[in-house]
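Asker: Pasting a structure here, questions to come.
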């Protein structure tokens, strides 16, 4: 099958800057769909009409987390159980200003423009309405690989406020339009066609989420390593890279992405398998002679130490690790891997022999443009205190552990 040629990100940014609509496609392993996207500041009734007629999906308005706070736009639901956790807020209409039904192309374009107008106040927006704001992650596609973040990133890169307009593109029969048809649509209307994957690559090349702060020698009882501290620019959080040896640019490197676990890594808690996994990974890399352990500041799968202890208390009352997270208002796994991906790129790693039993981790890192050449299993014996925890990771989170007979 002939490879479909996509446009460059630079050309797409220029099109957005000119107020044009473009098509953005995501990964075939995610939704494998395309969206019409433009900058919110450039939306017109004509663009809304075009999107509605040719896209046939749901018109949404991705905006920044800060803007959601300013306009007091709460999330539509407290616990998001959608497949890809699309961050819908309450829907809105602009009140007054010539708006009537809220659904006309004119009314919807006015509502979207109001979302980015600094003079708009929360009371200027009626709830519910006909425009669906989406709350984009602050670091865009480097935090979440979705059209929501792509729209905001493209608007920002084009010099506009971080807000966009998007709609899913459907075929005439109501099914989702896939890449070959999206290419035809792009050609028909002379639109730029890009992928989120290429946008991630562009941002990773032109921007930095992390700063290398300091490196030191780190002799351990499992071997001699180098330790480098990276500061996450947006949050100030510090992440560590424990490094053994050197490698060529395109060489597959053994890597473990390990989330910090005070209870397991430091106190030797038997409630999880984190400490043994960390030490086993160090042994594997020491034996390999080269490799990296990323020690990410993401305690409790990203919910923080205090909330992890609250989750432990719920587990003592009969919940499993997933149920406890959900009851506390978190996802089963709150982590993102964009920061870790950029640290690996800083370390000149693009191909990984990833030490993991977690399929989500493999897919997430691959989504940031890293090539996983091999998933290297890490076998840790269970104990009476963590057996149910490990079973939950296997049965509810898909980890390849405790294989059933």
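Backbone N, Cα and C atoms are what each Cβ position is placed from, and that goes for glycine too.
On a predicted model such as this, the values are computed, not experimentally measured, just so you know.
Okay, these came from Swiss-Prot:
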ACT_SITE  333  active site, proton acceptor
ACT_SITE  335  active site, nucleophile
BINDING   30, 31, 35, 144, 145, 146, 147, 148, 168  D-ribulose 5-phosphate binding site
BINDING   31, 147  Mg(2+) 2 binding site
BINDING   31  Mg(2+) 1 binding site
BINDING   256, 257, 258, 259, 260, 277, 299, 300, 301, 321, 356, 361  GTP binding site
BINDING   261, 272, 274  Zn(2+) binding site
REGION    1-205  region 'DHBP synthase'
REGION    206-405  region 'GTP cyclohydrolase II'
SITE      130  site 'Essential for DHBP synthase activity'
SITE      168  site 'Essential for DHBP synthase activity'
Asker: Tell me, which recorded positions from 35, 130, 145, 272, 274, 335 are within 10 Å of residue 258 (GTP binding site) if we use the C-alpha atoms?
Answerer: 274
Asker: For residue 356 (GTP binding site), which of the recorded positions 272, 274, 333 has the nearest Cα in space?
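Answerer: Answer for the nearest of the recorded positions: 274.
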Asker: Note the mean pLDDT of the region 'GTP cyclohydrolase II' (206-405), expressed as a whole number.
Answerer: 92
Asker: 147, 256, 301: which of these binding-site residues has the sparsest Cβ neighbourhood within 10 Å?
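Answerer: Output over binding-site residues 147, 256, 301: least Cβ neighbours within 10 Å is 301.
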Asker: Using a 10 Å cut-off on Cβ-Cβ distances across all protein chains shown, tell me which of the binding-site residues (260, 356) has the largest neighbour count.
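Answerer: Result for the most crowded candidate: 356.
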Asker: Relative to the Cα of residue 333 (active site, proton acceptor), which of the recorded positions 130, 145, 147, 256, 261, 274 have a Cα no more than 10 Å away?
Answerer: none
Asker: Give the distance between the Cα atoms of residue 35 (D-ribulose 5-phosphate binding site) and residue 130 (site 'Essential for DHBP synthase activity'), rounded to the nearest whole Å.
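Answerer: Here the two Cα atoms lie 18 Å apart.
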Asker: For a quick check of understanding: given the listed GTP-binding residues 256, 257, 258, 259, 260, 277, 299, 300, 301, 321, 356, 361, what is the maximum Cα-Cα distance in angstrom, as an integer?
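Answerer: Site span for GTP, by Cα atoms: 22 Å.
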Asker: Cα-Cα separation of residue 168 (D-ribulose 5-phosphate binding site) and residue 130 (site 'Essential for DHBP synthase activity'), in Å?
Answerer: 16
Asker: Where the distance is taken from Cα to Cα, which of the recorded positions 260, 261, 272, 335 turns out closest to residue 130 (site 'Essential for DHBP synthase activity')?
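Answerer: The smallest Cα gap between residue 130 (site 'Essential for DHBP synthase activity') and any of the recorded positions is with 335.
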